[in-house]
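Feature annotations, courtesy of Swiss-Prot:
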BINDING   20-27, 88-92, 142-145  GTP binding site
DOMAIN    11-279  domain 'tr-type G'
Amino acid sequence: MTPTELKTAVERRRTFAIISHPDAGKTTITEQLLLFGGVIRQAGTVKGKKSGQFAKSDWMDIEKQRGISVTSSVMQFDYAGKRINILDTPGHEDFSEDTYRTLMAVDAAVMVIDSAKGIEPQTKKLFKVCKMRGIPIFTFMNKLDRDGREPLDLIAELEELLDIEGCAMNWPIGMGKDLRGLYDIANKRIEMYRPEDEANPYLALDEEGKIAGDNPLKEDSVYTQALDDIELIGEAGNAYDPAKIATGDQTPIFFGSALTNFGVKTFLEAFVDMAPAPEAHQTQEETQVEPTNEDFSGFIFKIQANMNPAHRDRIAFVRVCSGEFQRGIDVTLTRTGKKMRLNNSTEFMADAREQVTSAVAGDIVGLYDTGNFQIGDTIHTGKEAISFEKLPQFTPELFMRVTAKNVMKQKSFHKGIQQLVQEGAIQLYKTYTTSDYILGAVGQLQFEVFQYRMQHEYNSEVIMEPIGSRTARWIDPEKLDQSMSSSRNLLVKDIHDQPLFLFENKFAERWFQDKYPEVKLTAKL
């Protein structure tokens, strides 16, 4: 690929994640985007367990059974001359670690909000990570087909709770059973809800921004209310500011209904136009790697075992940051200095795959992994070793002791634990004295998924013994004395052999600090 071709290819890319609180409609809008991208012909409903239809992005059996996303899926398609990479993230709060890591691999985020509920806790958490990264955030106020809160109230709440300017790009004309359409502020037209002519769902507006000609909607109170609201936000609202959007200080707000596929196409067309192409990535050496740099580089943000249960494979997901990835490329793994040839690579449509021959900045490539990679690894072709910024790691809050139910199946038990831990699906610790396995998780559902996958993917039933909620704190190995351990502060080591204590409660932690003031206790995120 010539430098000009590389630049053109990079400028076509739009790589983003969809974030939301559970049940705000994230998976439904993902499906509708795939529908417009020609990837699927019919949108499934993630809740439709009885109908046997499942969301394309929910490919793991447990996701289909429970109607939730527990892993990040990657989907790619072309639309309006752009190459779209969607990273669908787990909506369930117990899987925030996977979601946070995914947000490190995107150039923008789409925040889906239930217009009946407004800003919810998980939305707030994920928004903070996007804000911290300074990436553009686009808002889709969903479920307009149901009665919800007033649009002005929703925007006011968003601005107050998330500390970001909101800029409405369209405006609802009614909602629920009174939903008539969307006033497209940017394009000066009205998109009708359930129009008589589906091929042309738009109403033209006159120079004053009102419906041209005769139309019964003119006399409808929801239309006049919408005009009043639009006049108000025109005078007192925030002006559209691309510079503020680029830095994550302003969010364009679109209203619609993913379930009825209303307003989604308008959103997609605006998004591909407004969202950024891949930009420079910061390294730990505090240098910037430009996407058009001729040397290939990328980082691994996710590892997934058993995407194809028939082959028991393991895929490392790489975000390409610069240069061109080609099949058979020779790269260096920065962490070990090891050189390797990447012959087996793939691109995704959830669990469906195709061999990838070429990829550029913004693309997500799957590498078949035999155990070489870890989450956070950097690979590159340049002479100078580089390491991209570290991915966030979290302090677990819940812990369980885990053992194999059948002692004759120790091999599959150990393999399953090793692979699921390397995925980042759960955290693993060993006790110093007995080498018992202790699992750490952010939420209870992680344990359930771990237990399910051990049984169904590794044929290893496990016994999970709760040791309760504990406070995990790491210490300097040089300060460690095993006599510090007790039943109230369990001494364990992580997968990097770093020592830490699992304190029974805050009181136990304070008691320890008073007794050993010279020992510094640290937490992850």
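Yeah, the Cβs are placed from backbone N, Cα and C, and that goes for glycine too.
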Neighbour tally for SER20 (GTP binding site), based on other Cβ positions within 10 Å of its Cβ:
23
Helix, strand or coil at LYS26 (GTP binding site), per DSSP?
helix
Tell me the coarse DSSP state (helix, strand, coil) of SER20 (GTP binding site).
strand
DSSP output for LEU144 (GTP binding site) maps to coil
Which residues, sitting 6 or more apart from LEU144 (GTP binding site) on the same chain, put a CB under 8 Å from its CB?
SER115, PRO172, MET175, LEU179, LEU182, PHE255, GLY256, SER257, PHE262, GLY263
